[in-house]
Ligand SMILES: Nc1nc2c(c(=O)[nH]1)N[C@H]1C(S)=C(S)[C@@H](COP(=O)(O)OP(=O)(O)OC[C@H]3O[C@@H](n4cnc5c(=O)[nH]c(N)nc54)[C@H](O)[C@@H]3O)O[C@H]1N2
Ligand SMILES: Nc1nc2c(c(=O)[nH]1)N[C@H]1C(S)=C(S)[C@@H](COP(=O)(O)OP(=O)(O)OC[C@H]3O[C@@H](n4cnc5c(=O)[nH]c(N)nc54)[C@H](O)[C@@H]3O)O[C@H]1N2
Ligand code: SF4
Ligand code: SF4
Ligand code: SF4
Ligand code: SF4
Ligand code: SF4
Ligand SMILES: [Mo]
C-alpha cells in the first residue's frame, strides 16, 4: 500500500497521544495544576495533531463531519466517534486536573478505556481488511495497543511498565513481521482465484500503460533489501534503544531521548506497515505473490 | 446506510464471457464516455498530453497468459469493473454512508455528495473496482449505468449499460442474476459461470464465463477417415475424378 | 441530493442525463466507417455512441469510436493554412489566409499542368474519397496518383479480384449466420473491425469453431478455439499442404468446381504455341471445356453441358488437359505433404492433417441446404442453395509479405476447392462485388499537357500490353507501378514515391501533394532516410523534391515537412461521401453508402479538404470542375456529392436519387443530403433474398446489380483457378510478344508470376544472422498515428514493448524491465522487452505506430510515446540489400508491389537499460 505521510503521522501521533492519555486517565503520573497543564497539552497536541493530519489525505475534508454517522458498521466511523468521545472525556478530566487540582478516577477510567478503544478502532480499520493479508491478523490490534501504551508509558515517565510494554511490543512486532511475510502466500487468494482461468496464469499486459489510482495506492512495492534494512532501523529505534536506555539509565533527559527514538522508530515501522502491505488487487496487476519482491 | 440490505429484490449485474472477449477496450472507453458526462463528477484525466497521463476509469481490460500442461499457451482478455457484491466490504467500511447497496436492485453506488474521499472502500474492495477521482476527490465506481437502465429519456432498447451496448463481440450481458429464469442466469448455468475470488466472501453478483477448452487434440482415429486417400498420385486421382463424375 | 448522514436515509435520487440534440453521422476514427449518434449539449459534442440502425456496426462502437470526442478536442489540431518560411523541417511557418493558400497552390500547379502534368505527384493515405481525389488527379492530367493500397493490402485485393472477382479486405465477409468453422489467417484488427467482432460474437454464441492461424495469439486469436502459431511468411506452404491432403482424399467439391470455376477449362499445352499455358478458346473467344457426353470441346457456358474433369482433349498431336488436372499434378506432389512442410511452417504434421480433416468433415458432413430456389447463368434452375459451413478470412498477415499475392491466391484456391465461396455458410462478397477482373478499368498513363489523363490511373492489367510504360519501355509512373518490376500493382506503390522522387528515378517531379498520409514517420519504411530525403538539396541548394503540399488535420510528423499546409477539419465538421464508387460500406445482404456532415461547425480557420480540392480544381479550370464558360461547377464538396454524375444517373451517392425514391440510378436530387441526414446518415437497400448467394452466377443477383448500376449489363463469370494474366507475363518473360521485360527481371517473372498458386520464401535472410521474424500488430484501441493525440486512448496504449517468445527470452537471460537491441540488415533499435508465451518461437513483435517523434501530435516532448515508444519502421528498408549483381530490389511483392512490411528479419541482443529508446530523433518542429 502507498505509505501516505498523513496516515503514517496520524496513526503514530494519535497512537502515542492516546497512549499518554490512557496513562493520564489512570492517574499515572499524578498530573495536576501547571505540570498537569503541560502533560495534558502535550497529549492533546499529539492526538489532535494526529487527527488533523488524518484529514490531509481526504479528498473532501470539508465533509469529514459525515464520518461520525456510520458507527454501527464502519470501524473508521467508530474510530472517529470514539476519538471525539475519548477526547471530550479526557478534556473534562484534564480540566479537572488542571483547574480543580484533582483527577476524577471514574472519568479517568472511562477516558482511558475510550482512548484504548480508539486506538483499537484505528487498528481495526486495517485489521478488518481481508484484502490486505498482512494486516488481517490478531497481531495488528495487539501491536497498535502495545505501542500506544508503551509510548504513553515513556511519556508518562513510567519506566517499569514502559520496559515491559516495549519488550512485549517488540515481540509482537517480530511476530507481526514473521506472520506478515507469510500472510500473503498463505492467504487463499491467488491470481488463479482472482481470474478463475487456470492455475498456470500470468499477467500479460496491464489494462492501461498509463498509471492509475489503484496502482499508486495499492500496488506500491518496496524492495526486500530496503525493507529489511528499515525493519532493523525501526526495531532498533522503536524497541531496542529505548529498552537499552531504560536499562542503563533512567534520568529524565535520557527518557526524553528514549521517547524521541521510540517515536522515530514507530514512524519507520508505520511506514513499513503500509509500504510492505500487499493488497490482493496487486495480483491483477501481475505483482508476485511472494511477500517481498526482490529489488 | 452503510449497512448492507439483508435482501435485494433483484440482483442486477453483468455476465462477462471470457471465451468471447477479444480485448478491444470498447467497453472501457464507452464507459468513460458515458460516465464522464453522467452520474456524479466527470472522470478526470491528469497530465492528458504529458509524460504521465492517468485518469479515472470504471472498467479496465487486463490480459493474462495461461500456459497449460500440454498444448500451446493461451491468452485471455479480462474486463473488470465493480461486481456489485452481495456482501460488499466496500459498503460496510464506509464511514460516511456514501457507499451503499440498493435494496431494490442490489446496485452498489457512491453518493458523491457525501463522500469524503477517504479511500477506505477502495482498500476494502479485493477487485480494484473503485478509483478515487484525483480532481473531484470522490470515489468513482461502476454504477451499472443506473442512469441508463431506468432512464426513460432513452429508448427502451438503450436502457442497458453503456459497456454492454457497445461491446462489438457481445461478450457482456446485463440482467437480473437473482432470477434463475433470466437470460443471464441461464447463460451462467449453461456455461458454468464463476465468481472471482470466492474465498474473499464478497459474493459477487457479476459472473465470469470461463474460456471454453482450447486446442483440444481430437482423436485422430475419428478424423482419419476424412483423409483416407483416393489417390496418391495424379493418375489415381484421374481415376477417382472419373468415377466420381459418373456418380454426379 | 443532500442526505442526512446521521440517519439511514433513502438512496439519493439518480439524476437523468439529458442531451440537447442527437445528430447521426459516420465515424472516422478508422476506415470501418460505423454509424454514430453524436449527442450535443450546449452546442458541444458530449457523447458518441453507435447507431443501431447502421448496416456496419448495428449500434456497437469500438474504443476509438467512443473516444472520438477527444480526437475532436485534441490540442494537436491544426488552426489555419500555413506557408513555410524557414528551411524545410525547421518548423518555421506563417499563417496565411485560404485565398493566399489556394493562390499559392495555383501558382505552383497551373504551370505544371500546361507543360508537364506528370511533375505533380498526388498521393493520398487513409483517404476515403479516392474516387474524388483520383478524379481531380485525372483531370489535372498527371499519371502519378494512388492511395495507400500499395503499402496496405493490394496483395489481398489483387489476388481476390484476379481469382474470384472480389477480395477479403473489406469487400467480403463470412456467412456469420451459417458458418460452423471459421479460419482466420493473419488478422489482428482489419478494416472491417466491428463487423468481424460482431461476427465472431455470433460464432461464439453458437459454439461454432474459430481457428486462428497467426504467429501471435492476441485479440481474435486469443478467442480462437484452435490456434496455429505459424512461422511468418509460410502460410502459402501450409495452405498448399492442406490442399494436398484434401485432394488426396478427394475431399473437394467437384460439382462446384465443374460449374463455377475454370477447373474444367482446357489449358493449351502445345509447347510450340505462343499461347502455351493460356486457356483454349473458341472463335467467339469463349473458354472451352470438354463435354462429358460427347467428349468434344464446347464453350464453358453451354446450357446443360456436363464438364469432363478427367478427360483430355487431343488436337494436332498435343493433349490439352483441364485446369483441375494441372492442379492435381502440382499439389499431389510430396513436396506439399504435411511432413515436408511442417518444420518450415512451425506446425507439426499431425496438426496440419487434423486441420485438413476438420475442414473436410465440416464442409461435407455438415453441409446443408437453404430452401431458396435460384437460376444460374446457364439457365439451370436449382430448387435449393447448397451450403458449406466453412469460411475463411485473411488480411495483412498474408498480404504484407513478398509472397503475399500467391499466398492469397492459394487461400482462394483452398476455399474454392471446398466450394465455400458465395455459398451459404461460406465466404460472401459485399456489393458491388463480385465483378469479373475484366470489368475493372485498366491503368492509364498517357499524359497530354493541358489536358486530362486518358483514363483512370489505377486498374487491373491482363498482360504486358496493359503496363504503364513509356515508348522506351521505362516506367511511366513515379512509383513504377504497372512496370515490369511489379506488373500487377493495382493500387500503386505509395511506399516508393518519396524515395523515387528524391532519386529522380524514373524522372524528377516538381510538386509532391499529399493528403492524410504520415509519410515522415510510421507509414514509411526507412524512416530516418525518408526524413532526410524530404529535406535533401541538390548542388544548387534547391530541394530535390522542390515543393510539398500537405493536407492534414493534426500536427503529425509529416506536417513539419510541408511547404504549404492545408488544414483539414475533423470528421465531425465536414461533408464526406462513403461512396459505392469507392470503398463502400456494404454488407453481403445489403448495398449501402453513407455521408458525413458537419454535426458541429469548426471553431477555427480550417476547411474540409475535399471542398478545398473542389475549389482548387475550379481555380485551375480543370475539366469536371468548371463548365464550358470556366465557371465552377460545384460550390463545395457537398454540392459535388449531390450533382456530380460519373455516368448518366450514377453519382457519388446511390440513395434517394431523382425524386428521392430512386436507388442506384436516377437524376441528381437536390434534397439528397437532407434525405441521408434524415435517414441517419446512410442509405441501404437489401439484396433480394434469391440473390444473396451464388452472386457471380445467379441471374437474380446479376439483374439486381444492373438495376443498382454496379454495371450496365449482367456479367456472370467463372472463378480463375488458373490465372491467365499471370501466365501472359510469364510468356513475355519466356520471350513471346512485343513487349519484353528487361533481362534482369525475366527470371523473377517466370518464377513468381505462376498461373497456379505457388509458395516461395519471402525473405532471403541468412538464417543464422537474422533468425527472428519481427512483426507489428494494430492495437484495437489505436489507429496508426492518430490515436496518440487522444487523451483517453493514449492511456491504454502509451508505450509498446517488444514481445519476445519464451525460448528466446530464456536463451538471452531476459527478465522484466530489460532492454534489447534489435538488429536488421538495415539498422538497429534499442527498446524495452517483455515476455510472451503464446507466440511463435521464431517471432518477436510490437504494437504498430505507438512510437512518436518528439514534438509531434501536441504531446509533451517527454511523453512516453516519444521516449519509450518505438517503431519497427527504422529497421525496414524500401529497398532490399544489393544482390550479387549489385541491384537493389524493392522490398515489395514482385507481382503487385505490395510493401513487404512483415518480411523483416532480425537478431536480438540484451542491452543495458536506457531512459529512452534508440534511435531518438531531435524534436520535430511543426507549426506552433
Ligand atoms: N511497421 C509497420 N508500418 C506500417 C504498417 C505496418 O503494419 N507495420 N502498416 C502500413 C499500412 S497498411 C498503412 S495503411 C500505413 C498507415 O499509415 P498512414 O496512412 O500514414 O496513417 P496514419 O499514421 O494514421 O496517418 C494518416 C495521417 O492522416 C492524418 N489525419 C487524420 N485524420 C485526418 C483528417 O480528418 N483529415 C486529414 N486531412 N488528415 C487526417 C493524420 O494526422 C496522419 O498524419 O502504415 C503503414 N506502416
Ligand atoms: N484499431 C485499428 N484498426 C485498424 C488499423 C489501425 O491502425 N488500428 N489500421 C487499418 C489498416 S490501414 C489496415 S491495413 C488494417 C490491417 O489489419 P490487419 O490485417 O489485422 O493488420 P495487422 O494489425 O498488421 O495484423 C496483421 C496480423 O497478421 C499477423 N501476421 C504477420 N505475419 C503473418 C504471417 O506470415 N502469417 C500469418 N498467418 N499471420 C501473420 C500478425 O501477427 C497480425 O496479427 O487494419 C485497419 N484497421
Ligand atoms: S468491449 Fe467486449 S470484447 Fe471488447 S474488451 Fe470489452 S468485453 Fe471484451
Ligand atoms: S466489486 Fe468491489 S466495489 Fe464492487 S461491490 Fe464488490 S467490493 Fe464493492
Ligand atoms: S472514499 Fe467515500 S465512499 Fe469510500 S469509504 Fe470513503 S467516504 Fe465512503
Ligand atoms: S455498467 Fe456502466 S458504469 Fe459499469 S462498467 Fe459498464 S459502462 Fe461502466
Ligand atoms: S471501427 Fe471504431 S473507429 Fe472504426 S469506424 Fe467503427 S467505431 Fe469508428
Ligand atoms: Mo493499411
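Glycine is treated like the rest: Cβ placed from N, Cα and C.
Because TrEMBL annotations are produced automatically, they should be read as predictions rather than curated entries.
Per TrEMBL, the feature domain '4Fe-4S ferredoxin-type' maps to B:12-31 (among others). In terms of DSSP helix, strand and coil, the domain '4Fe-4S ferredoxin-type' (B:12-31) has 6 helix, 6 strand, 8 coil.
Residues 1-5, 7-14, 16, 18, 21-23, 27-28, 31, 58-67, 110-116, 118, 120-130, 138-139, 141-142, 144, 163, 171-172, 196, 200-206, 211, 214-215 of the same chain lie 6+ residues outside the domain '4Fe-4S ferredoxin-type' (B:73-104) yet bring a C-beta within less than 8 angstroms of a C-beta in it. Annotated domain '4Fe-4S ferredoxin-type' per TrEMBL: B:73-104 (among others), in sequence order.
The domain '4Fe-4S ferredoxin-type' annotation in TrEMBL covers B:106-135 (among others). Residues 5, 8, 10-13, 40-44, 46, 54, 56-58, 80-86, 88-100, 141-144, 146, 178, 196-197, 200, 202, 204-205 of the same chain sit 6 or more residues outside the domain '4Fe-4S ferredoxin-type' (B:106-135) yet have a Cβ under 8 Å from a Cβ within it.
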Residue distribution over DSSP helix, strand and coil in the domain '4Fe-4S ferredoxin-type' (B:73-104): 5 helix, 10 strand, 17 coil
For the domain '4Fe-4S ferredoxin-type' (B:106-135), the number of residues DSSP places in helix, strand and coil: 5 helix, 6 strand, 19 coil
